[in-house]
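Chemist: Per Swiss-Prot, the feature active site maps to D68; the stated evidence is sequence analysis. Residues annotated as active site, proton acceptor in Swiss-Prot, with sequence analysis given as evidence: E133. What Swiss-Prot lists as Zn(2+) 1 binding site is H66, D99, E162, and the listing cites sequence analysis. Annotated Zn(2+) 2 binding site per Swiss-Prot: D99, E134, H348, in sequence order, evidence recorded as sequence analysis.
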Amino acid sequence: MNDVLDLTCDLIARASVTPEDAGCQALLAGRLTAAGFACEHLRLGEVDNLWATHGSGAPVLVLLGHTDVVPPGPREAWTSDPFDPQIRDGVLYGRGVADMKGSVAAFVVAAEQFVAAHRAHAGTLAVLLTSDEEGDAIDGVRRVANLFRERGQAIDWCITGEPSSTERLGDLLRVGRRGSLSGTLTVKGVQGHVAYPHKARNPIHLAAPALAELVARQWDDGFESFPPTSLQVSNIHAGTGANNVIPGELQVAFNLRYTPHWDAPRLETEITALLDRHALDYALRWHRSGEPFYTPEGRLRSVAREVLGAFAGAPPEESTGGGTSDARFIAPLGAQCIEVGPVNASIHQVDEHVRVADLQALPALYRTLIERLLVE
């Protein structure tokens, strides 16, 4: 095996199910300290965060990643133990290998190689890691970003190691993400016997026109490379289970993935106004996961396009699809943000895996990006 492969396997073997870090950051900090980085451990709540820097001043380039992983699910469903990394037919298997311990290991190896070759590089190279990305994402990069605001810590560019590639390494460049807003709607009615509907108020019937209007609405036509804003109902619950009882309450959970045309407060206002027009007796609880971000054409995006094109053999698709990432907390600091990482076909699945050849190529990809930004 080689350095990035060994380090990835060491990380996989640490069962860092969110929000646990399981010693991953201590291992990585040891490597970065030995390479000349100044490391600051930020324990916030029950979450471990690591901020490592080399050099000083502007521009500041951050390599952003997470050491936590999602639960493996039933271990018996895996071909091998999810926390015992195994190579079979040129493929490395283990929980978190794609999302995103392989990228984190490649970050560290690339950073070590870069500072060894460029001790007096321009600006600051930084590595930011958290153990709270796959869970609630409250005490991780969200709080670290607030700390950076208090300190006046500027960030010019951010490369997140999320698994962005679709079929081959470097075939997709993530240049933004949609915002995410969740709502839980509770509509009150009056419970009663189905034979006496005049003595009850059915919350399902009362809410149906409002829900129909809500899901039929076209929020926008998209933005740049963003698909249109989408509202999806994810859960509906009402009733006792009996078919002769009109329910007294309806609960609906929904989520919006939205473009930069919107922000969370405006969406909340629009939806509240729609519900009010239908004169419902309701309560509505919101959860804001993050605002959208978008990196327009600029140095980071153009450099990444050239580097990924060289690695993949064709220009990358430039996309804003997918879920959310911690870059949503860094972008509001004024940073240009992109996401570059391995193939994402198996993330969060049983037998999560990455091609060994892709993993071995990642450090060179990241190092080339760093050199283009901090040396040229």
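The backbone N, Cα and C atoms fix where each Cβ goes, and this holds for glycine too.
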Chemist: Using the Cβ centroid of D99, E134, H348 as the reference point for the Zn(2+) 2 site, which residues of the same chain not in that list have Cβ within 8 Å?
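Modeler: In sequence order, the nearby non-listed residues are V69, V70, G96, M100, I347.
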Chemist: DSSP three-state call for E134 (Zn(2+) 2 binding site): helix, strand or coil?
Modeler: coil
Chemist: Of H66, D68, D99, E162, which recorded positions are close to H348 (Zn(2+) 2 binding site), meaning a Cα within 10 Å of its Cα?
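Modeler: Passing the 10 Å Cα cut: D99.
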Chemist: Through the lens of DSSP with three states only, how would you label the residue listed as 'active site'?
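Modeler: Looking at the DSSP assignment, the residue listed as 'active site' belongs to neither helix nor strand, so coil.
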Chemist: Can you give me the Cα-Cα distance between E134 (Zn(2+) 2 binding site) and D99 (Zn(2+) 1 binding site) in Å, rounded to a whole number?
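Modeler: Pair distance, Cα basis, whole Å: 9 Å.
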Chemist: Which number gives the other C-beta atoms within 10 angstroms of the C-beta of H66 (Zn(2+) 1 binding site), all protein chains shown included?
Modeler: 32
Chemist: May I ask you to report the DSSP-based helix, strand or coil state of E162 (Zn(2+) 1 binding site)?
Modeler: coil
Chemist: List the residues in the vicinity of the Zn(2+) 1 site, defined as same-chain residues other than H66, D99, E162 with C-beta within 8 angstroms of the site's C-beta centre.
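Modeler: Counting only non-site residues, the set is G65, M100, S103, E133, E134, T160, G161, P163, S325, G341, I347.
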Chemist: Could you state the CA-to-CA distance between H66 (Zn(2+) 1 binding site) and E133 (active site, proton acceptor) to the nearest Å?
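Modeler: Taking the Cα atoms only, H66 (Zn(2+) 1 binding site) lies 6 Å from E133 (active site, proton acceptor).
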Chemist: Mind checking which of D68, E134 has the fewest other CB atoms within 10 A of its CB? They're the recorded positions.
Modeler: E134
